[in-house]
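So that you can see what the record holds, here are the features copied from TrEMBL:
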- GLY270, GLN271, THR272, GLY273, SER274, GLY275, LYS276, THR277: ATP binding site (BINDING)
- 578-612: coiled coil (COILED)
- 83-106: compositional bias 'Low complexity' (COMPBIAS)
- 180-446: domain 'Kinesin motor' (DOMAIN)
- 68-108: region 'Disordered' (REGION)
Amino acid sequence: AMAALFGRIFVGIYVEIKRSDGRIHQAMVTSLHEDNDSVTVEWIENGDTKGKEIDLESVFALNPDLAPEEEVPQSPDPPLPPSSASKISRVPKVRSSSTSSAVTQSYPISRRKSNCVKEVEKLQEKREKRRLQQQELREKRAQEVDVNLPNYEIMCMIRDFRASLDYRPLTSNDLIEEHRICVCVRARPLNKKEISVKDLDVITIPSKDVVMVHEPKQKVDLTRYLENQTFRFDYAFDDNSTNEMVYRFTAQPLVETIFERGMATCFAYGQTGSGKTHTMGGDFSGKNQDCSKGIYALSARDVFLMLKKPVYKKLDLQVFATFFEIYSGKVFDLLNHKAKLRVLEDGKQQVQVVGLQEREVKCTEDVLKLIEMGNSCRTSGQTSANAHSSRSHAVFQIILRRRGKMHGKFSLIDLAGNERGADTSSADRQTRLEGAEINKSLLALKIATVSPGMASCENTLNTLRYANRMNELSMDPAAVLDFHQGGHITQLEVLEAQWGVGSSPQRDDLKLLCEQNEEEVSPQLFNFHEAVSQLVEMEEQVLEDHRAVFQESIRWLEDEKVLLEMTEEVDYDVESYATQLEQILDQKIDILTELRDKVKSFRCTLQEEEQASKQITPKRPRAL
């Protein structure tokens, strides 16, 4: 039965196949499907193994020699004896020729009308029907689409390119691969604002690990064309992916890590409005957020499920949560009325957030309440891309403790939206400082969400380039050792030669980050970030000194009150009074003069930042 259906096709044979773009090439048969009359084939293209399922009609149309032959019906007459051969030879030629011609006509005709021929004819009929349907569809689309739409030509180019692709997107049935560093990209659908201005979707995700960006370009003669740039990551989620699916492939494998005494981190990185807060915190309905559908809550749910397993239940672990934000270089506790916190280094050279409140949580509902409380306090603002834009990095931590000691920690971080440096030059100072602090910290943190709109194309490419570099990281100990021994010194020497001398931990870190992102960071932008860093440092110093002077002023008032009370006595010591008053005045003059000088320097730094912001020239990233 198999031979009658599949003919000479068997697993391992190479057959000719036709691709959706019209190309014909060989592919190997890997499996036969008797239930739906089809075969699965695989081939190698650009170093990748690809495959598809093809119906038998299409295979036999291109490989007729493999089609099953129709059995020739046997004659009921017994075979002729050998002696009759001479009789046949004596038959008149005319009759012989007519008989032979009849035979030659009957058998080949029946063979030409075998399965192969019938299947080819059916295939041709189907092809003609498809062509007519496609022609009707094209005419219908042409009527529906207004050619006066902006970027209509680009839209047609993108549509034609997508029609030539073989789509194999990520599904929930795909296996979860183990990665030391997992870099994923998620593209959202066009939002209402983008649809209203008739923006185009320039993101295509044809397979589970490939993201394509269709960047519109223009030639010298003003002819428009597409530059299709391809990026490969560990996973790529298209606009049909849900938060649950993203969580399954990204954060869920990390939950077990913290039960094994590990530290896990998940970042959401991307342009303002690309969907980071939606992914981490949950679905938005207007300004209201459903926190139960975000990665924060899904992680907490699995933590409590893991706690019930016998292997971990006996450890008697307690679950705590913290929620804080980093805004303009300062840390605020979102679970304690946005109290300002200090970040210090302990004796073990571990960074500690002093005063951060840890709340014990017993169930997922407790976590949801904390998330809602924190989100309501989080710093946000309105940007050109998003009416409810996060302007701070939000860090939600799930901490496991055993008898008071830390057992594991899972940090889930919703980063502020990245902004192009050139976009901050014309904004007010607060926006510039905000954007500069965000961008400087984002240069070292990369996991990506991208906006699909053509208007966001440049930001999307920058995000993907950043994520692509993170994807190239390796954990080779020899390479890490070599980096520590020689890499830092060489890079800093080159940078100091290019951008001036100077050495401080913050300055050195900034130089390294700018060097590693040299395609997007110009020397002018480096100078601007340096001016902002100095401004932030001086602001902290001025504020601390002002607080110190205020506290000192209270003490001076107490001392002066004592002196004045002393003068009310009849025989007070005038010499002592004058000496003490002079000491108080000298202290006041010294401290206030020092504070005044710092305020003057601070004002000069403000002017330098203003000048540096006006000199920013965007460095155009080169195409990959």
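For all residues, glycine too, the Cβ spot is worked out from N, Cα and C.
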Ask   = So for GLY270 (ATP binding site), how many other CB atoms are inside 10 Å of its CB?
value = 32
Inquiry  = Helix, strand or coil for GLY270 (ATP binding site)? Use DSSP.
reply    = strand
Task = Mind looking up the mean pLDDT for the coiled coil (578-612) in the predicted model?
result = 87
Note = By a three-class reduction of DSSP, LYS276 (ATP binding site) is assigned helix
Task = Look at each of the binding-site residues, GLN271, SER274, and point out the one with the fewest other Cβ atoms around it within 10 Å.
result = GLN271
Binding-site residues: THR272, THR277 - member with fewest neighbouring CB atoms within 10 Å = THR272
